[in-house]
Amino acid sequence: MLLHIPNVLTADQVAEARRILDAADWVDGAVTAGHQSAKAKDNMQIPEQHPAARRLGDMILEALERNPLFMAAALPLKVFPPLFNRYSGGQSFGVHVDNAIRQIPGTPHRVRTDLSATLFFTNPDEYDGGELTIEDTYGVHMVKLPAGDMVLYPSTSLHQVRPVTRGARVCSFFWMQSMVRDDGQRTMLFDLDSAIQKIGADLPDHAGVVQLTGLYHNLLRHWADT
């Protein structure tokens, strides 16, 4: 499932984040890439332990906890601390797939990457190129979202960032381990949850709402790991 989640951050939060990002120290992004993807990666990043990364990471994680669309779609168990990248001057990231396991720096904890996320801090009209292209069974999707919006997609997907030929593309990217590792099962749960919400809004007293809600939780109980 590929999902556009709008307004993860407010306009004020985006403006604050951009001020912090503009003042931060940026380094070669290859330092966080795996062996294979490092060959294709050409961008700049904020070091993972930089105070700016931690401050903005906390802002993002707090916003996600309050976002019902994200919670319903991801069913998150663990979230890797958000990272931050910038592409400009022809920089790009060639076709690659994300590492299956990520070690959280400075801790013994690991995250299985079931889902990948990109949160945008620059608007589409601020740069040319820089499309995030994601391949799935339905073809190739080109993603370029407004500042504050996020795209969520399976980490098994082949993807790339096309060259930025004007301006700069600034984003946060991170991964999460879901309680439900199988993308097909997550998608069915999300679709069922969405249908329950719609039926509940139109027919709040219908007995079927309780039955469907029970079905949702029984499936979640059957499929989830905690």
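Note that Cβ sites are derived from N, Cα and C of the backbone, with glycine treated the same way.
Annotations in TrEMBL come from automatic prediction, not curation.
Per TrEMBL, the features are as follows:
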type    : residues             : note
BINDING : HIS96, ASP98, HIS159 : Fe cation binding site
BINDING : ARG169               : 2-oxoglutarate binding site
DOMAIN  : 78-178               : domain 'Fe2OG dioxygenase'
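Feature annotations (TrEMBL) mapped to structure.
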| residue | record | DSSP (3 states) |
| --- | --- | --- |
| HIS96 | Fe cation binding site | strand |
| HIS159 | Fe cation binding site | strand |
| ARG169 | 2-oxoglutarate binding site | strand |
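The CA atom of ASP98 (Fe cation binding site) is located 20 Å away from the CA atom of ARG169 (2-oxoglutarate binding site). The two recorded residues, ARG169 (2-oxoglutarate binding site) and HIS96 (Fe cation binding site), have Cα atoms 19 Å apart.
As a whole-number mean, the pLDDT of the domain 'Fe2OG dioxygenase' (78-178) in this prediction is 98. Taken residue by residue, the domain 'Fe2OG dioxygenase' (78-178) breaks down under DSSP into 3 helix, 61 strand, 37 coil.
Listed binding-site residues: HIS96, HIS159, ARG169. The one with the lowest count of other Cβ atoms within 10 Å of its Cβ is HIS96. Taking all protein chains in view, 19 other C-beta atoms sit within 10 angstroms of the C-beta of ASP98 (Fe cation binding site).
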